[in-house]
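> Reproduced below are the annotations present in TrEMBL:
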- 1-20: region 'Disordered' (REGION)
- 80-111: repeat 'WD' (REPEAT)
- 122-164: repeat 'WD' (REPEAT)
- 214-255: repeat 'WD' (REPEAT)
- 256-297: repeat 'WD' (REPEAT)
- 538-569: region 'Disordered' (REGION)
């Protein structure tokens, strides 16, 4: 697993920022599907639920889904959304508790049979949590491991015990996945395992529990496994050894050496005597823990082994990995058979009766025949081979051209996912993002509405990007990534408030065409519209008094830090959401952010019910949507000089440096020139009584403003008779629709103040 910055993980971000970020994730129109690789699988059989078999899938899109399994179909019956980064592993304990871990450093507990209820968030890990292991019979014991080199053993029953919100702890209780209190859950019967035998004991008065802790592993942990009774735990990772632990004391009992690369998958038999390990050295090894030795080595794969699943009797193993292939191997006879070959690396396996579910880096999950009850049937079909015991055995066989033929060509069932976005480009208008997904399909997204506005199909991404190029310059008011398989749009204050457009360019009806619209402000209003409606219904008022917005201490500190706050606009329309910023309610975006108390959270905009209120959101978001206030921003003005072209007979009375909004169009500058123009001779096409209003003479020291409203309604009786003026920059005639920012970026191309020239168009 590569160390990549999390979309919403503020705790471990290496990028310094003072204020909390707000991210919104654009969801596909069919939200029942995953849109990124499937990292984990968990099966809940009918014996422990309501008569249906359920498959749980955890994805790199940050969500888990529950599927009702029938013979010929799987139906999504719930989505579990609260993690803000990849879901890396999931296990089921008891009859209805689902436990997941994530790259957001948290472990979450869910009611598996609910419609996505998160019952607790545990925040003990300092880095990505990569793997989980559960005890089969002792459903209280779960272990977690991660990139921080830590392994923790949890007593789930104690972890679910209600806690006082006034105590320091290691988790939070939240029915909706939002950390309301920000306090951490008491560490209950928690063991932290280290790479040495010494345990450091300390007592913490946290709800009466005494956690046992020790220093972590030397390096990252990628795999865990536990026996049924929960007394033995094995762990593996980048240290290339299998470590065996006594879960009751948290002490290390032994190391098993033999692999030459990272250990990526582990299995224990029910008794805890035998262990299977899969490694990036392409080998599978069978260990006898009692004898502390490797019993067999199996050279089955041609690349890293990432996933293992065994038959109930531990007589056969199914294995998959980076070579896209799924193998079945008899652990005693070493006979092996290639079951199937896919198009993506295999990440996890789940045996289900006579079938096996295969998760991969693709967003779809496949079910293949496995003959789990009688694996020998597969070997009777022929095409099997004897697995070598040296890592180069399979590579040599492959080079000799004797690659085995897959037993099965097609899966018996596929849970189809949405292809993940693998490439994206923010277009110059800073409202559209061009994407390419894993299937090669190219789409155009409007991020201020969260929708696809054009599906181009399978075309060249680079050619389409060139075709859509516009010579416009708008400040970068957001950043975007596709780490979760979909577009995540990040807003950081104050830079997100730097972009403005005229209402006319956004086709806003009922608003003066020259009114400036702040893109981030209107986007926030559109995003939080469902929350604002629920808040209004609950409180009975639409906008609170300023003093109600933030807790007194926070408000005081904010106002002292940001003494210069802008109130943006005062029209009656400020509370309404304009069409250009209306987000879908059928496939709404998800918000990822961190409130004034507690850790990051993720929810669909339509699911944020307003009960937690202001504590859920960054203060600057609330100040914008509730109080209509924007933080201090960088200069949105553009300074420039306006001079006559060499030899021009036209002069204007204004001289010196001028200033105007960056988005001001050149046709406004033309109007300004005409307004201030002095003609040394009358124009033939103007009548004697036609005249132009003259401006005040400017000096070199004056810094005059060119307003948006200059000649807003044009000229009066002499409008049709006005002279034709053109504006140039670097001897290039400018389009009247260009903005000053665009001219500066694409024509002027200097850091000095912009210089514009004007002249009369001859013969017009």
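A Cβ is built for glycine as well, from the same backbone N, Cα and C atoms used for every other residue.
TrEMBL does not curate its annotations; it predicts them automatically.
Can you tell me where each of these features sits in the structure?
Cβ atoms under 8 Å from those of the repeat 'WD' (80-111) belong to residues 1, 6-9, 11-12, 36, 39-44, 48-49, 56, 58-60, 62-66, 117-134, 139-140, 142, 144, 146, 154, 156, 159-160, 174, 177-178, 483-484, 590, 592, 599-604 of the same chain, restricted to positions at least 6 beyond its ends.
The average pLDDT the prediction assigns to the repeat 'WD' (122-164) is 84.
Here the repeat 'WD' (214-255) is broken down by DSSP into helix, strand and coil counts: 0 helix, 23 strand, 19 coil.
If one looks beyond the repeat 'WD' (256-297) by at least 6 residues along the same chain, the residues whose Cβ comes under 8 Å of a Cβ in the stretch are 136, 222-229, 231-232, 234-238, 240-244, 303-310, 314, 317, 319, 321, 329, 331, 334, 389-391, 394-395.
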